[in-house]
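Step one of this worksheet: look at the structure below.
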Amino acid sequence: MTSKAVVFAYHDIGCTGIEALLNAGYEIAAVFTHADDPRENTFYASVARLCAERGIALHAPEDVNHPLWLERIRQLRPDFLFSFYYRRLLGAELLACAARGAYNLHGSLLPRYRGRAPANWVLVNGETQTGVTLHRMVERADAGPILAQQAVAIDPEDTALSLHGKLRKAAGALLRDSLPLLALGVLPEVEQDESQASHFGRRTAADGLLDWHRPARQLYDLVRAVTQPYPGAFCQVGEQKLIVWSAEVVAGNHGREPGSVLSCDPLRIACGEDSLVLRFGQRGERGLYLAGTQLATELGLVEGARLRGPASGPQRRTRVLILGVNGFIGNHLSERLLRDGRYEVHGMDIGSDAIERLKADPHFHFVEGDIGIHSEWLEYHVKKCDVILPLVAIATPIEYTRNPLRVFELDFEENLRIVRYCVKYGKRVVFPSTSEVYGMCQDPDFDEDRSNLVVGPINKQRWIYSVSKQLLDRVIWAYGQQGLRFTLFRPFNWMGPRLDRLESARIGSSRAITQLILHLVEGTPIRLVDGGAQKRCFTDVDDGIEALARIIDNRDGRCDGQIVNIGNPDNEASIRQLGEELLRQFEAHPLRAQFPPFAGFREVESRSFYGDGYQDVAHRKPSIENARRLLDWQPAIELRETIGKTLDFFLHEALREREAQA
């Protein structure tokens with residue numbers, strides 16, 4: 001019986017995959033591809049042309065995961081989906097359309113070099129082997145079980161173009177051997193070894209900058225990784241750009257400074273280790289392709305001259321405005337940015353106890369104040385700074401029912417004013433959305449771009465925080481369509497030192513773990529709301545802040561206009577389990593003897609704890625594919641470690657409180 005396939009394909013290997021399917025006897029019901037980008041050098045074969053010649057139905061939608069396209073694909077009733085160098089991620093609903101599974105051909109030996117541009121990256125990194133992999137598609141990019149692989153040797157003289165040719169041949173051979181077995185259902189699958197996984201993002205022309213302080217071998221690898229048809233490696237000669245198309249490594253650098261011209265015939269440049277002969281290149285984007293010797297003459301180079309790589313002079317630090325700088329995220333983020341050395345942090349908050357350790361840093365500027373009052377200071381600093389983070393918010397569940405109007409006024413109205421200042425002055429805003437916006441969504445994993453945002457009835461006032469944040473997300477998105485640069489990030493239950501204060505927990509206005517620790521410290525029963533069965537995914541603040549710092553860094557602008565969940569799906573636990581692990585570590589803590597005996601667990605109804613208008617959520621687990629793809633980020637800290645350092649912080653705080661009262 002003929003197997004029916006729907007194919008997602010682009011590039012040479014897209015054509016190779018389509019030809020292989022036809023040769024293996026598959027029926028191709030439709031092909032989805034991309035319209036060629038006029039800004040891109042399309043040196044590869046055309047999937048559109050091939051399909052036209054073969055009489056195959058072809059589509060190029062902007063969003064293949066759109067419900068309209070999902071329904072059309074379902075109506076085709078495919079046995080298989082195949083992706084051959086298609087450039088967009090296929091969502092879970094789309095993958096489920098295939099009765100016998102969805103499969104991707106990836107241009108590396110997975111699990112190494114997941115992600116974008118693997119053929120370029122293996123050359124940049126000096127690898128001697130790569131290959132192609134046929135694997136089952138899962139929601140995580142390039143992470144599904146492997147069905148077949150074929151290795152490809154990388155020769156010292158290979159360029160990205162020659163290596164791509166080798167990969168194309170390997171792909172053809174692998175598919176020729178594998179597709180018939182797949183149709184018969186006899187091709188075994190092997191899970192990927194996550195400990196060996198590596199992930200690489202897309203490359204841009206700016207990544208071709210030559211840093212002469214690096215070893216010549218590394219620069220040679222960069223040149224061959226980005227030479228024609230790619231934009232090329234480059235450096236500066238005075239005010240002129242020199243693009244290098246071909247080079248070779250020569251031993252020694254005569255002890256000269258990196259970037260020094262050692263000779264003009266051949267054109268040889270000293271590197272941090274050894275030297276590089278520039279064989280061919282061109283002046284600027286529109287120059288002629290010339291030999292290195294002629295380039296030296298036309299550029300006016302002489303022995304001893306210096307070529308420039310990355311700017312070596314002092315650069316202005318990026319100014320980051322953090323409103324709510326004394327809060328949990330604000331103080332940890334400030335510390336991380338100041339440690340980086342590339343940022344100047346300006347902050348405002350109504351207190352400063354959590355940032356006292358930062359005040360001595362000359363690049364940290366703090367003003368004590370209220371964003372609702374100090375509007376002139378606020379507008380001036382939005383205008384002055386480069387990146388704006390409005391972190392001021394009421395984010396404790398009991399306040400959602402106790403002070404709903406205050407939640408709306410601060411979390412929506414005051415922050416909307418800040419967003420409008422960003423629009424007015426053309427500033428980038430990194431806005432803290434929340435995992436609460438997903439509400440009672442029933443998806444197993446909450447996806448930023450696909451999950452529905454579901455909240456309860458109007459009389460359940462606990463949702464005022466969720467909808468205030470969601471509405472502001474939508475306003476920011478709408479401003480983004482008019483040119484506002486933004487990123488929305490959604491923290492999932494971040495924990496760590498300085499999360500709250502025990503004093504806040506005493507009045508009920510704190511996060512769950514702080515409330516639990518307060519009960520241990522004071523010897524009162526740990527209250528489990530509705531039995532504590534609710535599950536959350538807890539994220540260590542150090543993991544979360546690292547992701548947020550990468551959003552602020554925004555390499556290649558990849559975070560612009562994006563929504564990013566920041567959470568740890570592997571750290572899922574119920575509130576009861578959280579309490580039990582806290583108790584275990586509390587009993588083993590060196591300070592245990594300083595506190596009263598454990599008073600037990602007590603189950604309470606949510607209404608008695610939070611008051612009328614509360615409604616809870618059974619689970620809240622993030623999809624972190626956007627964070628992996630955009631930030632090359634993966635949370636690493638286990639829950640028990642996070643609980644341990646959070647507990648330790650609050651136990652020491654409790655003793656300090658006791659000493660102060662003595």
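Placed from the backbone N, Cα and C atoms, the Cβ positions cover glycine too.
In this structure, His106 (active site, proton donor) is part of a beta strand by DSSP. Other Cβ atoms within 10 Å of the Cβ of His106 (active site, proton donor), summed over all protein chains shown, number 27. As annotated by Swiss-Prot, active site, proton donor applies to His106 (among others), with the evidence given as sequence analysis.
What Swiss-Prot lists as active site, proton acceptor is Glu436. Glu436 (active site, proton acceptor) counts 24 other C-beta atoms within 10 Å of its own C-beta, drawing on all protein chains shown.
Taking all protein chains in view, 20 other C-beta atoms sit within 10 angstroms of the C-beta of Arg620 (active site, proton donor). Annotation note: Arg620 (active site, proton donor) sits in a coil segment as assigned by DSSP. The active site, proton donor feature in Swiss-Prot is assigned to Arg620 (among others); the stated evidence is sequence analysis.
Long-range C-beta contacts of Glu139 ((6R)-10-formyltetrahydrofolate binding site), restricted to its own chain and to partners at least six residues apart, with a cutoff below 8 Å, comprise Gly91, Ala92, Leu95, Asp445, Ser623, Glu625. DSSP gives Glu139 ((6R)-10-formyltetrahydrofolate binding site) a coil state; it is part of no helix or strand. Taken from Swiss-Prot, the feature (6R)-10-formyltetrahydrofolate binding site applies to Arg116, Val138, Glu139, Arg140, Ala141, Asp142.
Per Swiss-Prot, the feature region 'Formyltransferase ArnAFT' maps to 1-307.
Averaged across the region 'Dehydrogenase ArnADH' (316-662), pLDDT in this predicted model comes to 92. Among the features that Swiss-Prot reports, region 'Dehydrogenase ArnADH' is placed at 316-662.
Among the features that Swiss-Prot reports, site 'Transition state stabilizer' is placed at Asn104, with the record citing sequence analysis. Sequence-distant contacts (6 or more apart, same chain, Cβ under 8 Å) of Asn104 (site 'Transition state stabilizer') comprise Phe82, Ser83, Phe84, Leu134, His135, Arg136, Met137, Asp142, Gly144.
If you look up Swiss-Prot, you'll see Asp142 marked as site 'Raises pKa of active site His', on the strength of sequence analysis. The local packing around Asp142 ((6R)-10-formyltetrahydrofolate binding site), expressed as other Cβ atoms within 10 Å of its Cβ over all shown chains, amounts to 23.
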Recorded positions clustered about Glu436 (active site, proton acceptor) [Cα within 10 Å; pool: His106, Arg116, Val138, Arg140, Ala141, Arg620]: Arg620
C-beta crowding around Ala141 ((6R)-10-formyltetrahydrofolate binding site), within 10 angstroms: 18
Spatial separation of His106 (active site, proton donor) from Ala141 ((6R)-10-formyltetrahydrofolate binding site) - C-alpha basis, Å: 10
Chain-internal residues near Arg140 ((6R)-10-formyltetrahydrofolate binding site), provided their CB is under 8 angstroms and they sit 6+ positions away: Glu625, Arg628
Same chain, 6+ residues apart, C-beta under 8 Å of the C-beta of Arg116 ((6R)-10-formyltetrahydrofolate binding site), given in sequence order: Phe200, Gly201, Arg202, Arg203
Site extent for (6R)-10-formyltetrahydrofolate, whole Å (max Cα pair distance, Arg116, Val138, Glu139, Arg140, Ala141, Asp142): 17
Rounded distance in angstrom between the Cα atoms of Arg620 (active site, proton donor) and Val138 ((6R)-10-formyltetrahydrofolate binding site): 20
Cβ neighbour count (within 10 Å, all chains shown) around Val138 ((6R)-10-formyltetrahydrofolate binding site): 15
